[in-house]
Ligand SMILES: O=C(O)C1=C[C@@H](OP(=O)(O)O)[C@@H](O)[C@H](O)C1
Ligand SMILES: C=C(OP(=O)(O)O)C(=O)O
């Protein structure tokens, strides 16, 4: 299927959406469970996301000298640390885009600990060749926090296995902090004790053993964000959705979508089984810092553009090194809705503003091999006909996305 065409419906919806499981929680659970020597049967509700299925496949294929992670960032970063500490000889590679995503900060940290790693092409980027591990005898490690938190999560998960544990000093600002907290919380569920001083950026983990334990993965709050958009963009006041499996007290930072969407016109009510989303009044201008929840920036930018809400975004620096340069991709595609994403302060402050076009030629949205481009723009189909190119990209995190969209929107695929 090279594109999907979505058509607005003429009435409201009241539906229940069975959300996918979190790929972030799944990929941590898989690494931690493997380090604990646990049985796979201990893990329930693992994500159907390709990133997680790739992790499962690669962990089961220990003897293969090559690990191809495709486009999965967490799989690349977590497995590089996992194979390093387990002394594997392994080539780590992925898609062309994965080979443009930085990994030097993690490689430097692993080398300091004792890993032997070489770059096959460009310094600081995959593919990598891992050639075993000889403990360097140092428990103090400094690591930058401003490029990707996944480097820190990767190091943290292997740290209990280091002969003296680790005293990790995060330097600079820390982006995506809730993902580091998620890592520590999941490690704690497998018996790991850590002391953390966020005011100093210090995480201390003594050497200790993981204790195998059962772990059930929650529904995905990042995937939930697109259903929030559906409610925000529905022109009918009585539209509502119930999202199943979301927890009130989630490990996922993207649960912040509850707070972000309130001023954008969506009220969240916990039902015991998940969340009920209903419509409420929206503001006309909003500022939001996405440092803790970068994966929500596309969702929110599109909602703002489609509702003619002026949105000021900060904390979006990391968007340039994700599945695509998400700032550039948004700039190109928001134009097709009548909006601009203007860089107000270089690399710091961006503003979405414009005038949403209900008529004129059908916007044809390119997706740049990025699942979140496809899912962020799909809800616009509630307001006007729209075409999304390469809709299969959603498989990275949410393979059943279009089946769920069918509950709300008519579509034709080509
Ligand atoms: O650790 C994780 O599971 C993730 C961390 C974030 O990446 P960065 O830390 O690179 O911002 C996020 O964007 C990604 O989708 C998943
Ligand atoms: C950035 C993402 O994933 P990753 O970095 O793990 O490829 C994402 O899912 O939006």
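The backbone N, Cα and C atoms fix where each Cβ goes, glycine too.
What TrEMBL annotates here:
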| type | residues | note |
| --- | --- | --- |
| ACT_SITE | 295 | active site, proton acceptor |
| BINDING | 23, 24, 28, 148, 149, 150, 176, 295, 322 | 3-phosphoshikimate binding site |
| BINDING | 23, 73, 101, 150, 326, 372, 396 | phosphoenolpyruvate binding site |
| DOMAIN | 14-61 | domain 'Enolpyruvate transferase' |
| DOMAIN | 67-403 | domain 'Enolpyruvate transferase' |
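Screening the recorded positions 101, 295, 322, 326 for a C-beta under 6 A from any atom of ligand 2 leaves 295, 322. Taking a Cβ distance under 6 Å to any atom of ligand 1 as the criterion, the binding-site residues 101, 150, 176 reduce to 150, 176. When the binding-site residues 23, 28, 149, 322 are ranked by how far their Cα is from the Cα of residue 73 (phosphoenolpyruvate binding site), 322 comes first. The local packing around residue 150 (phosphoenolpyruvate binding site), expressed as other Cβ atoms within 10 Å of its Cβ over all shown chains, amounts to 26.
Taken residue by residue, the domain 'Enolpyruvate transferase' (14-61) breaks down under DSSP into 26 helix, 8 strand, 14 coil.
For the binding-site residues 23, 28, 322, a Cα-Cα cutoff of 10 angstroms around residue 396 (phosphoenolpyruvate binding site) retains 23. For the recorded positions 23, 295, 322, a Cα to Cα distance of within 10 angstroms from residue 150 (phosphoenolpyruvate binding site) holds for none. If you measure from the Cα atom of residue 322 (3-phosphoshikimate binding site) to that of residue 372 (phosphoenolpyruvate binding site), you get 10 Å. Cα to Cα, residue 23 (3-phosphoshikimate binding site) and residue 295 (active site, proton acceptor) are separated by 13 Å. In sequence order, 222, 225, 254, 372 constitute the residues six or more apart from residue 295 (active site, proton acceptor) in its chain with CB-CB distances below 8 Å.
Within the same chain, residues at least 6 positions away in sequence whose Cβ sits under 8 Å from that of residue 101 (phosphoenolpyruvate binding site) are 73, 76, 125, 126, 321, 322. For the domain 'Enolpyruvate transferase' (67-403), the mean pLDDT of the prediction comes to 98. Other Cβ atoms within 10 Å of the Cβ of residue 396 (phosphoenolpyruvate binding site), summed over all protein chains shown, number 23. Residues near residue 28 (3-phosphoshikimate binding site) in space but far in sequence (CB under 8 A, at least 6 apart, same chain), listed by position: 74, 78, 153, 157, 182, 183, 186.
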